[in-house]
Amino acid sequence: MNCDKFKDECGVLGIFSKTSRNLSRRVAFGLISLQHRGQESAGIAAYDEGKVRHYKEMGLVQDVFNNDILESLKGTISVGHVRYSTTGESHVSNAQPLVINYRGGSIALTHNGNLVNADKIRDELELSGSIFQTSIDTEVIANLIAKNYSLGFKESILKTVQQIKGAFALVIVCEGKLIGVRDPNGLRPLCIGKLPDGGLVLSSESCALDVVGAELVRDVKNGEMVIIDENGIESITYDDSKRVAHCIFEYVYFARPDSIIDGVSVSSSRRCAGKTLAKEHPVDADIVIAVPDSGIDAAIGFGQESGIPYGIGLIKNKYIGRTFIQPDQESRELAVRLKLNVLKENIKGKRVVVVDDSIVRGTTSRKIVDALKNAGATEVHMRVSSASVKYPCFFGIDTPNRKQLVGSSKSDEEVRELIGADSLGYISVKGLLESVGKTNCDMCTACFDGDYPMDVPEEVDKNMFE
Ligand code: SF4
């Protein structure tokens, strides 16, 4: 099923403590709660008395770390990362944290996002003698920090984040400090939490704060760098010239419903989107069901607004590893059936509204509609809690190129016909923004309307649209 969704990006997490050297275990627990953001590799780096030790491997957090490894990663600062590869191959050399050693010590760097000028900077750095060992954007950032390091850690990071362009939430450990930086548009999320012992946490999502026992303090602001040490939090605004453009897809699909991102509950925003969808695309039906999991809140909202009872119609098998699913057509079809099965007794003889969070290629929607009709649904009405996806993302989300986005080349009626539904309705961009309680001055909605919050380089633009 995942083959027909936007792919999640990465998750970052860091903990600073004055009292404990046993933080990597907590980071591992926190990373498990961020696992939905990346399942290809996981890593943790711990800072202890000037030294950085790290371990990273391909696989899920629970498979990568065991007791012995976590025992070897003691330290008063620990940072971790889960990765889905949006740039760079899926290989352990591209896993994070990325640790670089320099004359004065070591830096461990984790990054969620994607730079739009990484290739240009990489070329320039290579011309001036830098050697790259990975194909990830994060190494470009690490090399820039190393190049600027004579300025001191603070100035070198500040200079670096002013040179890079794109989406980035960075969590860095160096010189006994835990550092968080969010890009000038605030595209990728990053929040701050506080532990009962006064320790501080940086995380992609607040659901990981709950797991490590921290309280949400606030989000890191767009264009802000925070430096955390025994004195607390130092905040530096390094760029306040860009418009806020938080990624709206965090609320639609990427983030966990129990997270609060930039002050908005993900679960509540999805319920609100479902209510708006019911108002914008009403239909007579007997049951509202969700495509689990990310469609559940919107389906409940749709049911509340329409008065049509919400029920369970599709059962998700949660125990499917990504590597098991081979990328050929037959395996993909098997995978859809393996991942989602119809609860026939709830569907047979009924007019069904099925709520999904998005339609990307349309192939999965077609299979879901077929499966519901085969199970005896008399009508199937597809309702989608995101607007029609027409443009690719350049900011750390793996999207197909424009040709493969069904909403880009086909009208809504053509998509309805393609997926075989009796009716199809997408929430409007306006309705979606209202469900998050924001306007298009606060959010990136570029995958719906092509209004990118920064210039997209011509060569990237050309490749993505081919
Ligand atoms: S283009 Fe879409 S997926 Fe990418 S950052 Fe903007 S809203 Fe998010």
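Backbone N, Cα and C define each Cβ position, glycine as well.
TrEMBL lists 10-231 with the feature domain 'Glutamine amidotransferase type-2'.
Look at C10 (active site, nucleophile): DSSP puts it in a strand. Feature annotation from TrEMBL assigns active site, nucleophile to C10.
The [4Fe-4S] cluster binding site annotation in TrEMBL covers C247, C393, C444, C447. Taken residue by residue with DSSP, C444 ([4Fe-4S] cluster binding site) is part of a strand.
Within the same chain, the residues at least 6 positions away from D357 (Mg(2+) binding site) whose Cβ sits under 8 Å from its Cβ are V252, Y253, R270, V291, S294, G295, A298, V384, S385, S386, listed in sequence order. As annotated by TrEMBL, Mg(2+) binding site applies to S294, D356, D357.
In the shown protein chains, 23 other C-beta atoms lie within 10 A of the C-beta of C393 ([4Fe-4S] cluster binding site). Only C247, of the binding-site residues C247, S294, D357, place a Cβ under 6 Å from an atom of ligand 1. Summarising model confidence by region, the domain 'Glutamine amidotransferase type-2' (10-231) averages a pLDDT of 93. Proximity of C447 ([4Fe-4S] cluster binding site) to non-local residues of its own chain (separation of 6 or more, Cβ distance below 8 Å) is seen for F6, F249, V389, K390, Y391, P392, C393, I397, T399, given in sequence order.
In the three-state DSSP classification, D356 (Mg(2+) binding site) falls within a strand. Long-range neighbours of C444 ([4Fe-4S] cluster binding site) (same chain, six or more residues apart, CB within less than 8 Å of its CB): N185, L187, A245, H246, C247, I248, F395, Y452, P453.
D356 (Mg(2+) binding site) has a Cβ environment of 24 other Cβ atoms inside 10 Å. In the three-state DSSP classification, C393 ([4Fe-4S] cluster binding site) falls within coil.
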